[in-house]
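Remarks on the structure that follows.
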Amino acid sequence: MQMKTFDTPQRQSPLALAMMFFKILRTVFTIIWPMLIGLLVGGKKGNSALKWIIGGGSILLFVLVKTVLDYLYFKFSIQDGQLVVRKGFFYKTAISVPLERIQAVHMEQSFLHTLTFTHKLIIDTAGKEDAEVTIYAIPSSDAHALRELILNSVDSKVENSEAEKVPATKLVSRLTIAGLVKLSLSANHIETMAVVMLFLFSRYEDVKPLLRNTPFFKNLIAYGETINYTWQLIVSLFLVVAIVTIILSFVRIFLRFYDYTIRMDSKGYYIRWGLLQVKQKMIPFKRIQLIQWRSNFVRRLIGIALLNLKVAGADEVKKKIRIELPITDIGQIKEIVSVYQPKLPSEPEQEGYTIHKSYAYRKTLFITIPILIVLASFAALLWQWYALFVFIWLPYSLGLQLLYCRNFRFWVTDDGLQQYKGTWGRAEAILNWNNIQYLKIRRSIYQRKKGLATLVIHTAGGAFELPYILHEQALEISNYALFRTESTQRNWM
């Protein structure tokens, strides 16, 4: 059967109309919702139903017209080795993306996509913060054919690599329900609590200017000022927030990593996950610039980690192509990274190199102490000299920094670098010499006096930093890295 070539411009599936409609509606609502709440709460009494009907109808009509125009004037095709997208009615845009520059092709399938046998296609490049091209709905057969066509075209542009020795379609990892429960229970619930509190605070600040003049809001403030905040109330509120946070964190992790499956073939990793919305991502081996994996204290005890594949452009696009793989067996890490580095530098049980412990003292002096002084100054306004108890945190913070220095290790081999660090949790990273873009040696006045330096190695997927190492050591590593980069026959991508 002959593969479809997509040389004729075509539109999206009609389901894209619904997807685009809700996307545009959400964008419009995000802009105007504070004004709507202000009008609803603080508006004048009377019969304003007609105004709401006219206003709401106008907004829906605008969104509907824009959706139809965006749908009709969006066409894509492949011509002369380029993905060509033409869109826009009043403001016409033509996008041409060389196939060899495409970073990855991701597929998503929501419940509506499943019912209509369609897929959403996201095409990424390293040069844009947002997705280069998003096709909201095309038939599933076309989605698979287009992805295969793009990936085959990309592979034909490069030479055979070591990755091509990998057997076809090998199952690397599949997250079971038991592993998903352990991953959810061991999540950083404090981080989720902070996110919830920041969200509530940010939303409150958005509507506060509109609500502060309303009688209801004034009465609420007056009532709040008369409440006698007892320890029982504070503890109760904390417990409620903690329980809600754990539930939200559990649901977030469950939805994020449900049925997480990792496969690999001669081209790269194929990742599939999702409960309500099934997502698929393909990460070519040659796009991987840096590999990191980390685990908090609880996950380290039960052998769980999150492995991050940093591809080209990860710094700019951030979460757009941020690939985190849940690892429930530490042995899976060696299997996944073996394509990038066949053997980890730390495997021969070498001691490795360390960083200078002055790193801990400088962090404490210039970060911890100033923060504690500011906190104590504000606390003194309420609790007078009791605010000095804030400085109890100082020895604990210094101890953490010293523990960080003691745990920090790095290894240098013919293939690249490996880094191991952490206090209660652990984080590791590996880097190949051929992925280096440029190096930077930073030296403060203190570092010059002590013969120290901070080496920062930049790749297209992120930075690899070795702080407070010997200056001679930084020069040796940078010179060797440049030698390996210039002498290697392998491309960085």
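First residue shown is number 1, and so on along the chain.
Cβ from N, Cα, C; glycine included.
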Residues flagged as transmembrane segment in TrEMBL, choosing from 49-69, 301-321: 49-69
Helix-strand-coil residue split for the domain 'YdbS-like PH' (72-150), DSSP-based: 21 helix, 41 strand, 17 coil
Intrachain neighbours beyond the transmembrane segment (364-382), with Cβ under 8 angstroms and 6 or more residues off its ends: 388, 390-391, 393-394, 397-398, 401
Three-state composition of the domain 'YdbS-like PH' (406-480), taking helix and strand from DSSP: 21 helix, 41 strand, 13 coil
The domain 'YdbS-like PH' (262-335): DSSP-derived helix, strand, coil residue counts: 22 helix, 36 strand, 16 coil
For the domain 'YdbS-like PH' (72-150), mean pLDDT (0 to 100): 86
